[in-house]
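Heads up, the thing below is written out as structure tokens.
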Amino acid sequence: MMKKGFIFDLDGVIVDTAKYHYLAWKKLAQSIDVHFSEAENEQLKGVSRVKSLEKILEWGNKTISESDFMKLMALKNDDYLGYINTMNESEILPDVLKVLKFLIEKEQGIALGSASKNARTILKKVNLFHHFEAIVDGNDVVKGKPNPEVFLSAAKALNINPEHCIVFEDSVAGIQAANTANMISIGIGESSVLQEADFVFADFTHINSQFLNELINK
Ligand SMILES: O=P(O)(O)OC[C@H]1O[C@@H](O)[C@H](O)[C@@H](O)[C@@H]1O
Ligand SMILES: [Mg+2]
């Protein structure tokens with residue numbers, strides 16, 4: 001049996017925080033009169049906080065000062081943290097823990113590869129922090145997804161070659177990052193959205209031990 005590196009995105013993969021990001025961005029966009037729906041939100045998944053605000057301003061054709069930009073970023077994050085503060089283990093998505101435990105039992109490398117600067121806080125909130133051998137998040141990278149830096153750093157921290165790594169992702173940008181890193185990309189969500197992924201599952205309840213064993217023994 002080979003040791004593979006299993007790299008998990010956080011928001012929308014391990015926990016359903018994608019819905020909180022959506023609510024916070026929508027509130028912010030509306031406050032500055034920019035149209036914001038699910039379609040715009042899809043384009044922000046996996047994208048850093050700075051880049052997300054830049055995109056919203058671009059969609060609304062708005063130019064603002066550096067200090068207003070900083071204020072809006074802080075407002076969005078405060079709003080988002082309001083949701084995060086109430087989180088607990090019940091918000092871990094179905095069968096995520098089961099898959100994590102299966103891989104740990106099989107002595108596989110487990111890492112987090114997230115764009116979020118709140119990743120460590122969230123992992124602690126839902127009591128999953130200790131399961132991760134390596135954590136690479138928005139505080140550790142210069143280039144965000146779709147750049148592969150976050151996943152390549154995670155592979156390096158696990159000491160496993162990128163081609164022996166498998167990434168679980170819910171965002172288009174994240175799937176592109178995994179593909180560019182030469183890793184197996186597994187989309188979590190809708191196949192119509194995550195077309196570039198090597199495999200797509202609606203959620204972890206559809207990922208069985210036979211499939212995981214095949215990935216390990218590939
Ligand atoms: O604002 P944070 O917590 O640092 O998160 C940055 C990004 O993290 C990603 O995981 C989310 O998909 C994005 O929606 C989010 O903007
Ligand atoms: Mg995500």
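Even glycines carry a Cβ here, placed using N, Cα and C.
Taking all protein chains in view, 30 other C-beta atoms sit within 10 angstroms of the C-beta of Asp9 (active site, nucleophile). What TrEMBL records for Asp9 is active site, nucleophile.
Taken residue by residue with DSSP, Asp11 (active site, proton donor/acceptor) is part of a strand. Residues or ranges marked as active site, proton donor/acceptor in TrEMBL: Asp11.
The Mg(2+) binding site annotation in TrEMBL covers Asp9, Asp11, Glu169, Asp170.
Proximity of Lys117 (substrate binding site) to non-local residues of its own chain (separation of 6 or more, Cβ distance below 8 Å) is seen for Arg49, Asp137, Gly138, Asn139, given in sequence order. According to TrEMBL, the substrate binding site annotation covers 9-11, Trp25, 44-49, Ser52, Lys76, 114-118, Lys145.
Between the candidate binding-site residues, Trp25, Ser114, the densest Cβ environment within 10 Å is the one around Ser114.
Within the set of recorded positions Asp9, Trp25, Gly46, Ser114, the entry lying nearest in space to Glu169 (Mg(2+) binding site) is Asp9 (CA atoms).
When each of the binding-site residues Glu169, Asp170 is scored by how many other Cβ atoms sit within 10 Å of its Cβ, Asp170 comes out lowest. Ranked by Cβ neighbours within 10 A across all protein chains shown, the recorded positions Asp11, Gly46 are led by Gly46.
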